[in-house]
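One structure is given below, represented as structure tokens, and several questions about it will come after.
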């Protein structure tokens, strides 16, 4: 019998529908809840998001020298911090500079000498300084180039173990880019390694395997000193695994973001040793996809050395990466303590493991991840396939069976459950699409208004500008789908309808999980874990038979949604904290709001998809919709019309987020076929590194006019427009660098050269093809002779065969700047970071 909503529903048997023959859509449901619960749900999401933000930034207390008596074998952050400060105070250390080649090397050798004198008598410490030259062909960002290094330096320390023929390698680099002290990238890694060497050299026990500490002096040029070590040093053949310490930010937690390849024992070592886990297999796949404009020595050890290893990097505060603000002033001692505790423990575990020399036995991929730094989980890719498949199937089957069995035996009840499940699936699918379209339109509109990157410094604007409209879109689509596809005479109670639609969300994420799994990507675990929490809640709801209760099923669902939100919001912070600063250095051709908008829509769906169907429980949704609309409007006004939306900040509040600029004073000399000078000129090249750069460049150049790079007159006559390409990749710098562009003329083929053993593929620019060679120098390299083997299709051809452009870029030569250049630099705003340089270009025809 139907019971009025004004009376308590106490007479219905537990786990039974009220009456399958009654149209409950025509009455006020006892299963509905106050509209204020919708706003409360948003508040819960924000609260949990703040908790995960705190978790992502929380660091352990640093140990000081006063703790030595209590912790004689522990990592002491204060000692490492002292080393970091000395290296930091040398200032920028581009490869080839006095600070890098003399000051930094002398300090490392001196400090290692102190460590050697205070070592335990049982320990054997060997030190070597390597000066090495060589080269290799590399492919980065889908462009091939030849990288040549001359007289770059490495400082290597060997802590001998019982097995003298196998060693664990620890690597850092002490060079930096121009104008940056490089405290995080990568002096902090070197300071951590010095302290680990200090601690392990004073223990009485000899390690089972040797440990090599490589302090390399040419990583930013790129990856050259590590190549010189792994291909030419006498100790390189002993290396069986490596730990690389890097940075793509400034401080924060060190993330394990590359492992292997295909050496699961490394992850076993990590799981066994690490005190504070922070690792995601998804980060590895994202990084190796090439969407992040960076690379590390991991590539060299893996590809040139054939050695497996682990790559760690700081990713927080990427605004300071490769700027003057990457200094010790922004790195708390606790950063070194956390990294030191983890890497010291990992080093001890690997150096005393029998698996160090057995890495080739198991070649499976490994899925690995941490949950809020509290637990670390890993398993093989084959196991992941079975887990993903099982979780997806169970998450769909268990809710369906538990809901369908409550109805009559006629089968109509099951059909209603299937119908509502499909409505939930379609609504989630369409909501994701509509949310993406809305975010795309908002991104396009903000760009038209000249308000691109409004969230760059005020990152919380992303919540209002993109996440709120995305959530609003998801909600509206769910309501429309309910009205259009939902049955007006369904016998299902409101509770059963909502649970069935939640099962539609399971179906949506299940299809994505299986799709990603079958394509071979390990990233599927992100969605599997989300479904897993839903599976736990639906299983308990079924076990306690509370599917049709007024609110009990909802309490169970919300309990597990707390964990789902903790899981999903940690990815919100990790992804936006990584990618927002990167948008400041991806160039001007890409609208970064499109990237962040689409990402925000996806992350909103990840966090809120299991909350959105609950809006059908609300007596009214006007309060929820009104709040989302209001937040969106306020955020849009702040982003487009106030200073809050101005992208950049100086150091006034000790939180700089600067606009980046490269300005090169360029002097060009062009030689004719006979060797004479046919033309000379000069000018300034100002590179657009983000979407707003052009407006700033116009202000810097005023009153002079600027010409787009591909429109300068030289593009019509000169190889690669005679632009001072110091690199085909951004931000690869030494004190001074040379770059060759070798362009064979029509009918001519470059068959070989003596630069390196391999001939690189040509690259294209301005409709021309040429071979790019980057040459970095350390100390006193002397002249370099190059021989090219050219062949023309016409026998006995007597004419020009090849055009060669030689660019030499000087990065740390401010004292030689002209008055005009200095005046130009004074116009750079305080919220911008400029890297000035001088380039001499010589064009030849042979």
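From the backbone N, Cα and C atoms, a Cβ is placed for every residue, glycine too.
Note that the structure is a prediction, hence the values are computed from the model and not measured.
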Kindly point out the range from 295-318, 319-342, 343-366, 463-486 that TrEMBL annotates with transmembrane segment.
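Range annotated as transmembrane segment by TrEMBL: 463-486.
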Which is it, of 36-54, 55-73, that TrEMBL names as transmembrane segment?
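That would be 36-54, per the transmembrane segment entry in TrEMBL.
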Would you mind listing the long-range same-chain contacts of the transmembrane segment (36-54), meaning Cβ under 8 Å and 6+ residues beyond its ends?
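For the transmembrane segment (36-54), the nonlocal Cβ contacts are 372, 562, 565-566, 569-570, 572-573, 607-608, 611, 614-615, 617-618, 621, 623-624, 627-628.
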Any idea what the model's mean pLDDT is for the domain 'Endoplasmic reticulum metallopeptidase 1/1-A TM' (423-638)?
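That region's mean pLDDT is 95.
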Can you tell me which recorded stretch out of 371-401, 463-486, 498-518, 594-617 has the most Cβ pairs within less than 8 Å of the transmembrane segment (422-443)?
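Ranking 371-401, 463-486, 498-518, 594-617 by Cβ pairs under 8 Å to the transmembrane segment (422-443) puts 463-486 first.
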Applying the under-8 angstroms CB criterion, which one of 371-401, 498-518, 524-546, 553-574, 594-617 scores highest with the transmembrane segment (463-486)?
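Highest pair count goes to 594-617.
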For a three-state summary based on DSSP, what are the helix, strand and coil counts in the domain 'Endoplasmic reticulum metallopeptidase 1-like C-terminal' (732-844)?
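Once the DSSP states are binned, the domain 'Endoplasmic reticulum metallopeptidase 1-like C-terminal' (732-844) shows 10 helix, 56 strand, 47 coil.
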Same chain, outside the transmembrane segment (553-574) by at least 6, Cβ under 8 Å from its Cβ: which residues?
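Counting only partners 6 or more residues beyond its ends, the transmembrane segment (553-574) has Cβ contacts under 8 Å with 33, 44-45, 48-49, 51-53, 55-56, 280, 283, 315, 371-372, 495, 499, 502, 526, 529-530, 533-534, 536-537, 540-541, 544, 546-547, 603, 606-607, 610-611, 614, 617.
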